[in-house]
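According to TrEMBL, the protein has these features:
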| type | residues | note |
| --- | --- | --- |
| TRANSMEM | 18-38 | transmembrane segment |
| TRANSMEM | 58-79 | transmembrane segment |
| DOMAIN | 60-169 | domain 'ABC3 transporter permease C-terminal' |
| TRANSMEM | 108-132 | transmembrane segment |
| TRANSMEM | 152-174 | transmembrane segment |
| TRANSMEM | 201-219 | transmembrane segment |
| TRANSMEM | 225-246 | transmembrane segment |
| TRANSMEM | 284-307 | transmembrane segment |
| TRANSMEM | 499-523 | transmembrane segment |
| TRANSMEM | 557-579 | transmembrane segment |
| TRANSMEM | 591-611 | transmembrane segment |
Amino acid sequence: MSFNHIVLKNLRQNLKHYAMFLISLLLSIIIYFSFATLKYTDEIAAENARVIKNGAMVGLYALFVIIVVFLMYANHLFIKRRTKSFALFQLIGLTRGNILRMLCIEQLAFFVATGILGILLGLGSSQLLLIILGKLMELKVNINISFEPKALLVTLLLLVIAYILIFIQNAQFLKKRSILTMMKDSSQTEAKTARITPKEVLSGVLGIIMIVLGYYLSTEMMDKFANILTPFIILALTIVGAYLFFRSTVSVIFKSLKRLKKGHVGITDVVFTSSIMHRMKKNAMSLTVIAIISAITVTVLCSATIVKVSTAKQIEAAAPEDFDIVENKLASQFENKLQQANIPYNKTSYQVLQSPVKHNKVFTVESDNVPSINRTTLSSNNHLKGNEAKITNISSLPQNIKVNLNQTVTVQGKTNAKLKVTSKDENKVYPVELTAMAPVLEVSPQVYQSLRTEELEVTEHGYNLKNQDDMAKAEKVAQQVNSDIESKRQVTKSNNQTAGIMIFVSAFLGFAFLIAAGCIIYIKQMDETEDELPSFKLLHRIGFTNSDMMPGLTLKVLFNFGLPLIIALLHSFFAASAFMNIMSSSSHTPVFIVMIVYTIVYAIFALIALIHSRRMINQAQ
């Protein structure tokens, strides 16, 4: 049999094992080429949609890293499971150079086929991506996407770099392993003793401590541990802690359960724990990678949804009325222009005092890194009497600043006044130009006048159009007065564009991560099931049926999918909570929604893996 016949026969035999990998690679190329096309389409910038171009550029760079790392890790899993066949090839006369050349031909065939198909499909999906992005950002973009040579070049560059790195990876793998090592690689056990060693216990406990410490630091990173190195420390603790958890904690738990049963294990225990205990180190690494990929995916998606939800609050705080103008001269000019254009409106004026405070017992700052509040904004409220005060504009107050009712604060102005805050209004907001999103104390008119000075008082004028059909005309009038005056609609559109591009990029990055995680789990499950086929055949011969083995197999699939999913959800929950503190958001609803959706998709992958494993057991009869 010639070398070419061996290559073709080996390629046909392994093609079914590469099916999920090829589908994942194809989808990755489609997404990458689509993002590249959006980035290099000049008409997008000409349509005043440069934010789309910038978003595509960010997504392109992130996808490049994701795809290259995914391809190298998936290739590592594949060549590890083929070590025995590599050893057999050498026994029949093939050299390591021949095997490396065979792997290069295989990879070249895969890359060329998926590359051509991915680019063709990516050209069509680019238009679809643009339509989706336009909807998310509320932009009217009338552009017909055409073939972009630069997009083709960067996609080919991605494939060439990945191909070269995989070639180096394969060469190093073959160089470090002898024929004997390859023959024993798949059958070599990592559980050399059933005894629980002190080293295992120490590593297992250390893993849990590192994870818990990382979570604690994430809750205090904006307060006690506000430092540029804190995020990197948290990242290291959670990743290393997860590895030690999978490597040692799980091993200690399984060995303890086995000791409790005193060796009386059933068929379910054998099928469930055999491969897990057999290759604990290999399982630990793959489960850690899956958990981290999943955690990144969920965190990215959660962050995008948190930004989207927080946008509405920011808009309301920035512009309560259709138009808000601080300077009296500009406000007067704007009013005259509106009247000349016959645009009816309602006017609301805000007059506030920016007053120094002392003896402040109303606000409690629960962080050493947040400066104490030494100034506050005062507004007049006709419903208040004496030294009563009501606190408002607190919807965007950071969570580390607490409001204490029935406490006092002394404010300074023309005179000093000791105020007692008796109530609060969480819904009322003031323009951000007046308050910088800080709380506002409403006081009685008498107190306001006693404190009032020209130096402390600031006035803002708000305008609500009686007919929203006049908005476009009013926006042109505002631009004539001053180019910095924006309507609430324009602010909303700007914020929606930012949130839309974040959701768009994060959603497709999340999809790419999900493809990677699903493919890795599929390969892992397929690897374990095929390695255990001789064991399943033996169990069939001694009288066990498929029904006897299915509970153990189901538990194994739940372990491979469920345990990294739980760790990933915990990682992402604390990461998203830290991001919520940065965004001054308090609702966990977006986080829980993303987690539920991701869990459902993950469950589908688990079901596919279970069906595949069951089919393999049936074939082992």
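For all residues, glycine too, the Cβ spot is worked out from N, Cα and C.
Curation plays no part in TrEMBL annotations; they are all automatic predictions.
Here the transmembrane segment (152-174) has long-range neighbours at 29, 32-33, 36, 40, 60, 64, 67-68, 71-72, 75-76, 79, 86, 96, 99-100, 103-104, 107-108, 111, 115, 118-119, 122, meaning same-chain residues at least 6 beyond its ends whose C-beta is under 8 angstroms from one of its own. Of the two recorded stretches, the transmembrane segment (108-132) does not lie close to the transmembrane segment (557-579), with fewer than three CB pairs under 8 Å once pairs fewer than 6 apart in sequence are set aside. Taking Cβ pairs closer than 8 Å, the transmembrane segment (591-611) reaches residues 294, 297-298, 301-302, 305-306, 514, 517-518, 521-522, 525, 553-554, 557-558, 560-562, 565, 569, 572-573, 576-577, 580 in its own chain, all 6 or more past its ends.
Using the rule of three or more Cβ pairs under 8 Å, pairs at least 6 apart in sequence, the transmembrane segment (225-246) is not in contact with the transmembrane segment (58-79). Over the domain 'ABC3 transporter permease C-terminal' (60-169) the predicted model carries a mean pLDDT of 81. Comparison of 58-79, 201-219, 557-579 by number of C-beta pairs under 8 angstroms to the transmembrane segment (284-307) places 557-579 first.
Beyond the ends of the transmembrane segment (557-579), by six or more residues, the same chain brings 211, 214-215, 218-219, 221-222, 238, 242, 245-246, 250, 272, 276, 287-288, 290-299, 302-303, 306, 521, 524-525, 528, 588, 591, 595, 598-599, 602-603, 605-606, 609-610, 613 to within a C-beta distance below 8 angstroms of the stretch.
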